[in-house]
Amino acid sequence: MPKPRIAPQHLRPHPFRQLLGYARPFSRLFAGVIVLVIIYNLTQVIQPYLVKVAIDRYLLVNTPALAPLIQIGAAYLAMTLVGLLANLYQTRVIASAGQQIVRQIRIDLFSHIESLSMDYFETHDTGRLITNVASDTTRISQFFTQFLLSVIRDGVTIILVMGAMLFLNWKLGLLSALVIPLIVVISAIFRPRLHKIYDITRSRQSRLIGFIAENLSGMRITQIFHQEAKQLEALTQLNLPYQMANVNEFRWDVFFNRTLDLLGNLAVAFMAWAGGLAVFHHAIKIGVLYAFISYIQQFFEPINSLTQNWNTLQSSMISFERVSQVLTTPSTLEDPVAPVPLEQSGDIHRIRGQIDFDRVSFGYDPEHLILQNITMHVAPGQFIGIAGETGAGKSTLISLLARFYDVSSGAIRIDGIDIRTLRQEDLHRLVGVVQQDVTIYSGTIADNVRLFHNDVGRQQIVWACKITGADSFIRQFREGYDTWLTPHGSNLSAGQRQLLAFARIILLNPKILVLDEATANLDALTEATVQKGLMEVARERTTVVIAHRLSTLRHADRIYLLDHGRIVEQGTHQELLALNGFYYAMLQKSVIMPGAGPERRDAVN
Ligand SMILES: Nc1ncnc2c1ncn2[C@@H]1O[C@H](COP(=O)(O)OP(=O)(O)O)[C@@H](O)[C@H]1O
Ligand SMILES: [Mg+2]
């Protein structure tokens, strides 16, 4: 995975400089663009001059000559063609550079988001992230394809046109230059206002997208609870302000641009008047007046475009700031600076799978501890059960072992190594977690079992699926292992998804296997199949099983009973029964209501 090329916060330059940093690898392309732009602009400036020469030297004379006029016409045409080509290439080159840059930003952004710890995703809404990755990056590309291009092109145009005017008649030229401060004042008045309006639109938009993203992923719940009308109402509530903001933005945009247009037309009128007087008094020739009127129009275009692109700059900056906020969010679970090296697979294999929780406490919110003073020692190869009511903290305990979160105090060690000193990549190869909700990706069944490990062959996949008992249902599909699955796994039952998850784990072959209510979705028959396969898998590794059905834990070497974040009882099934305490009471309950554990979520899944 490429490391994001972003420095820590205090070392970071202004977003603008940072953006330019992304452009640095393309500096030659940009230099090429500048050359093309100059060529293009020269052709544009020369054209009115050619007409001026034609008028003054060959038309408004006593004996107009045809041959030079044809030559001038040909030169004019040539200028048009050269200008066209230069314009075409400059646009193409800059678009390609812009897209490559934004591709890099998108990759940096996505790979950074992937590295963030789970609590980031719990505290930030996905819609915002989707906006970041999708539309913010597009807006950033406009910085290059529109703003930067405009600065170069329009800057050069203004300089050349100004130069041509001063060359033709410096007095009229200076008079025309008077219009520049006027334009600056007008945009200084409009600019802050436009900026604010733009910001409002964007934040309303991302709220709307966020809402839609959340609803699409929660559609099932919406439909089950018949909340369609209510959600639609909520959408309407978000949609209206967004619409208003857009209309408002449009209104101000038009107002601003028409004000500039008006100024442009006034300038032309003024030039016609002042220049006309000059012609009348024979101070200048009529061709010069023609050239001036052309130039002052040419002059307005780039200034107008520059101020318009000021908006683009603003929006790119806002987008980039937002993106760089994400980019600079430190992954709270940083890899250690000097990790315990487990690079060679030999080292990984040397790990035996001993787990120690040493007085571990943890709270999602530091004020409110979910786990308190948990101490557990699991010898390599043991089969450990964790039981407890819903909300007792069982899943939290597992999240800590897989280091989705860091402990608030205490330590978790694997073979005596504090997991915070391991590289996360290594840790996740050591600890395999199967949860109740299995994530299915778009792809074939084989892809879903192999999970990004492209070197895993078909034979291994089938072997793993046979162990878990998934093979028999997979063969019933017409396309077998090539059956296409969709992210929500709608063509698989919850139990079948679970069996695939087990097959994944077998291929991953972790030293420590954790099952979090993994069999809760299975019917009794399937569970028996899985149980058999699991016993096979569990034999070579340390296995921690969280189960609501206590029967699953009957053969565990030791069972820890968790209540309100504390270990209240521990021992084998027999020992715990003899205690006649929590465990005994739980077992009684589950015997009375077989299969009706509070965490059975078959209805939803
Ligand atoms: N991501 C989270 N953020 C905040 N609180 C959480 C989060 N996950 C779980 N909790 C809280 O932690 C407690 C233990 O939850 P959990 O570990 O999922 O229990 P169990 O798996 O035993 O049912 C519950 O009170 C739950 O509300
Ligand atoms: Mg749980």
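Even glycines carry a Cβ here, placed using N, Cα and C.
Any TrEMBL annotation is an automated prediction that lacks curation.
Taken from TrEMBL, the feature transmembrane segment applies to 26-46 (among others). Within its own chain, the transmembrane segment (26-46) has Cβ neighbours under 8 Å at 79-80, 82-83, 86-87, 89-90, 93-94, 96-97, 100-101, 148-149, 152-153, 156-157, 160-161, 164, 295, 298, counting only residues six or more beyond its boundaries.
Residues or ranges marked as domain 'ABC transmembrane type-1' by TrEMBL: 31-315.
Residues annotated as transmembrane segment in TrEMBL: 66-89 (among others).
Beyond the ends of the transmembrane segment (147-168), by six or more residues, the same chain brings 23, 30, 33-34, 37-38, 40-42, 44-45, 48-49, 52, 90-91, 94, 174, 176-177, 288, 291-292, 295-296, 298-299, 301-303, 305-306, 308-309, 312-313, 316 to within a C-beta distance below 8 angstroms of the stretch. Per TrEMBL, transmembrane segment is recorded for 147-168 (among others).
Here TrEMBL flags 174-194 (among others) as transmembrane segment. Here the transmembrane segment (174-194) has long-range neighbours at 162, 165-166, 249, 252-253, 255-256, 259-260, 263, 267, 271, 274, 292, 295-296, 299, 303, 307, 310-311, 314, meaning same-chain residues at least 6 beyond its ends whose C-beta is under 8 angstroms from one of its own.
Annotation source TrEMBL lists transmembrane segment at 266-293 (among others).
Under the heading domain 'ABC transporter', TrEMBL lists 355-589.
Per-residue confidence over the domain 'ABC transporter' (355-589) averages out at a pLDDT of 87. Here the transmembrane segment (266-293) has Cβ contacts under 8 Å with residues 48-49, 51-57, 60, 164-165, 168-169, 172, 175-176, 179, 300 of the same chain, all six or more residues outside its ends.
Residues 36-37, 39-40, 43-44, 46-47, 50-51, 53-54, 57-59 of the same chain sit 6 or more residues outside the transmembrane segment (66-89) yet have a Cβ under 8 Å from a Cβ within it.
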